Amino acid sequence: MKKLCKKTAATFFAATWLSTVPVSAFAADSLPQRYSSADTVWVLLGAALVFFMQPGFAMCETGLTRAKNAGNIVMKNVMDFALGTPAFWIVGFGLMFGTDIGGFIGTPDFFVTKFTVGKDAGYPVMAFLIFQTVFCATAATIVSGSMAERTKFSSYCIYSILISLFIYPVSGHWIWGGGWLVQMGFHDFAGSTAVHMVGGVCACIGAYLLGPRIGKYNADGSVNAIPGHSLPLATLGVFILWFAWFGFNGCSTVSLTGDEAILSAAHIFMTTNMAAAIATCTVMFFTWFRYGKPDVSMTLNGALAGLVAITAGCDLVTVPGAFLIGIVAGITVVCSIEFIDQKLKIDDPVGAISVHGVCGALGTVLTGLLAEKEGWLYCGDPHFFMTQVTGVASVILYVAIAAFIVFKTIKSTVGLRVTAKEEIAGLDFEEHGLPSAYADFMPAPEHIFDTSALPAKPDPVLNPQRETAPSVPGLHPVTPDGHAYSLVTIITSKERFLPLKNALEKIGITGMTVTEVHGYGLQKGHAEMYRGASVVSRLLPKIRLDIVVSAISPRIIIEVAKQVLYTGKYGDGKIFVSTIDNVIKIRTGEEGFDALQDYPL
């Protein structure tokens with residue numbers, strides 16, 4: 001009872017004391033609200049979407065390169081973000097957004113302790129910092145693809161830090177931090193130049209100094225295509241990037257308060273999607289006309305080219321203007337990839353230089369033509385157009401010089417490229433000790449569908465004569481038990497397996513060994529193209545049937561196979577016949593002719 005009284009008294013005292021505390025101490029919402037919930041969430045959502053571009057780049061680059069380097073590619077994409085984040089926070093952000101010094105650089109603000117957002121900004125400093133951090137990471141990760149499969153991992157880490165420390169922030173200050181370009185009226189809404197072209201120029205300088213992959217170019221200057229190992233993976237990466245680009249462009253309004261901001265965001269989403277879609281269609285039709293078939297990897301590059309090109313002017317151009325930008329970007333990216341690969345002899349495995357560098361510059365310049373109010377084609381005044389050209393040229397010059405110094409210094413000190421032995425073996429093993437990035441996955445047999453519904457030739461009409469002596473010239477005499485054993489090996493395409501198996505069963509073949517194999521070489525008359533270049537000799541998927549016979553003449557099998565497989569085109573297959581000394585059935589211990597006979601179990 002005493003305890004209950006004490007507890008009641010304590011509760012009464014606490015309630016009395018709380019009643020004397022000003023309500024304002026607990027009701028924070030009674031104070032004037034400094035930030036906008038909508039704006040802050042919009043900026044943070046944009047940061048999350050732009051961060052999601054990192055796995056998009058990783059998947060795209062991995063799919064367009066060889067499997068032996070897949071682990072190395074994803075590791076680089078992880079580390080350029082992880083290393084770039086503290087580098088941009090400690091130094092880069094201050095150089096980019098610090099108080100302007102002569103229009104060229106911001107005042108250093110180490111660890112972002114002095115920066116404040118504008119009075120009209122509806123978001124806090126930390127929201128703006130993370131938003132700009134993921135943009136910086138995008139510029140750094142672009143370089144990975146063009147220098148893939150032959151760059152030292154340690155060197156990659158070094159130049160990723162340096163790009164985030166000063167290369168990206170300095171030119172970014174000119175464009176977004178109050179520098180001389182923005183003072184001239186230069187417009188780059190979400191980063192065609194500030195992000196993508198900067199990354200593309202760094203990629204170009206790096207790939208040039210690094211040199212091509214082993215086997216990319218022949219002594220006579222001809223180009224060998226080196227196909228990537230997984231177009232589905234690359235396609236997944238492109239879809240991720242396309243999705244995340246709505247945050248990259250749309251959330252760059254950094255506000256969703258008021259009708260004007262809402263209408264602007266909706267307009268940006270539409271122009272962004274339109275340019276990407278039209279560029280994709282343009283590349284598909286253009287490569288279809290140019291190569292005879294639509295090129296898958298080029299079409300993926302086309303989608304990214306449209307996204308990069310529209311990024312500068314997505315807020316200023318109309319939807320028809322975005323349509324036109326998509327067409328121009330689509331044609332440009334194909335021609336640029338071919339020119340850089342075949343004429344300049346710069347090996348860019350994923351097309352990053354063309355997609356980000358060339359199309360970033362292109363989109364910025366086209367904004368000067370197609371902007372609805374200030375564009376040359378609308379107002380007849382070339383001033384805005386020339387400002388855009390000046391901005392693009394100046395950023396290219398600065399980034400090229402800075403990147404050359406960085407890459408040349410790394411090359412002369414720690415080295416930029418792995419050894420030839422390491423490159424051939426693959427960077428997964430040599431740089432990270434991985435036997436394979438796909439170590440838990442063994443090649444699985446492909447399901448072979450029944451092609452009986454397809455137009456087929458009549459079943460071969462043959463008399464399944466049972467002979468003990470083969471009728472194929474060149475075979476050895478019969479064995480001591482009076483029988484000859486022949487191995488008939490048939491190698492052909494996978495889609496012909498079931499018709500062939502069915503035909504062989506009709507002549508009494510009840511057992512065979514079937515193996516998925518690969519043939520090395522190109523089929524004559526069947527030219528393969530990849531990204532505008534001829535594919536060198538490569539492994540072609542085939543199927544191999546091994547049949548050991550004694551009672552049935554090999555000639556019968558040969559004639560059946562010829563009738564089933566013949567089309568008159570390259571790739572019908574080959575048949576090999578050889579002798580077998582003996583056959584042993586392990587289950588029964590039978591040997592010779594008896595071992596080949598099938599009995600009910």
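Cβ from N, Cα, C; glycine included.
Marked as signal peptide by TrEMBL: 1-27.
Under the heading domain 'Ammonium transporter AmtB-like', TrEMBL lists 41-434.
The feature transmembrane segment is assigned by TrEMBL to 43-60 (among others).
Summarising the annotation, TrEMBL assigns transmembrane segment to 81-105 (among others).
If you look up TrEMBL, you'll see 125-144 (among others) marked as transmembrane segment.
Counting only same-chain residues 6+ beyond the ends of the transmembrane segment (156-177), those with a CB under 8 A from a CB of the stretch are 76, 79-80, 83-84, 87-88, 91-93, 95-98, 100, 103-106, 136-137, 139-140, 143-144, 147, 186, 188, 193-195, 198-199, 202, 206, 391, 394-395, 398-399, 402-403, 406-407, 410, 414. What TrEMBL records for 156-177 (among others) is transmembrane segment.
The feature transmembrane segment is assigned by TrEMBL to 189-210 (among others).
Only residues 6 or more beyond the boundaries of the transmembrane segment (231-248), in the same chain, are considered here, and those with a CB under 8 A from a CB of the stretch are 45-50, 52-53, 55-64, 135, 138, 190-191, 269, 272-273, 276, 296-297, 300, 303-304, 307, 311. TrEMBL lists 231-248 (among others) with the feature transmembrane segment.
Taken from TrEMBL, the feature transmembrane segment covers 268-289 (among others). Using a Cβ-Cβ cut-off under 8 Å and counting only residues 6 or more beyond its ends in the same chain, the transmembrane segment (268-289) has close neighbours at 189, 242, 245-246, 249-250, 252-253, 295, 298-299, 301-307, 309-311, 314-315, 317-319, 321-323, 325-327, 329-331, 333-334.
What TrEMBL lists as transmembrane segment is 296-313 (among others). Nonlocal intrachain contacts for the transmembrane segment (296-313), taken as residues 6+ away from its ends with a CB within less than 8 angstroms of a stretch CB, comprise 60, 64, 187-193, 195-196, 228, 231, 234-235, 238, 241-242, 245, 248-249, 271-272, 274-280, 282-284, 287, 321-322, 325-326, 328-330, 332-334, 337, 350-351, 354-356, 359-360, 362-364, 366-367, 370-371, 530-532.
Counting residues 6+ beyond its ends, the transmembrane segment (319-340) has Cβ neighbours under 8 Å at 204, 270-272, 274-283, 286-287, 290, 298, 301-302, 305-306, 308-310, 313, 346, 348, 351, 353-355, 358-359, 362-363, 366, 370-372, 375, 531-532 in the same chain. The feature transmembrane segment is assigned by TrEMBL to 319-340 (among others).
Annotation source TrEMBL lists transmembrane segment at 352-371 (among others). With a cut-off of 8 Å between Cβ atoms, the residues of this chain six or more beyond the transmembrane segment (352-371) that come close are 142-143, 145-146, 187-188, 192-193, 195-197, 199-201, 203-204, 207, 301, 304-306, 308-313, 316-318, 321, 324-325, 328-329, 332-333, 336-337, 340, 346, 377-378, 384-389, 391-392, 396.
As annotated by TrEMBL, transmembrane segment applies to 383-407 (among others).
With Cβ pairs under 8 Å as the measure, the transmembrane segment (189-210) is packed most heavily against 383-407, out of 43-60, 81-105, 125-144, 383-407. Confidence over the domain 'Ammonium transporter AmtB-like' (41-434), given as mean pLDDT on the 0 to 100 scale, stands at 97.
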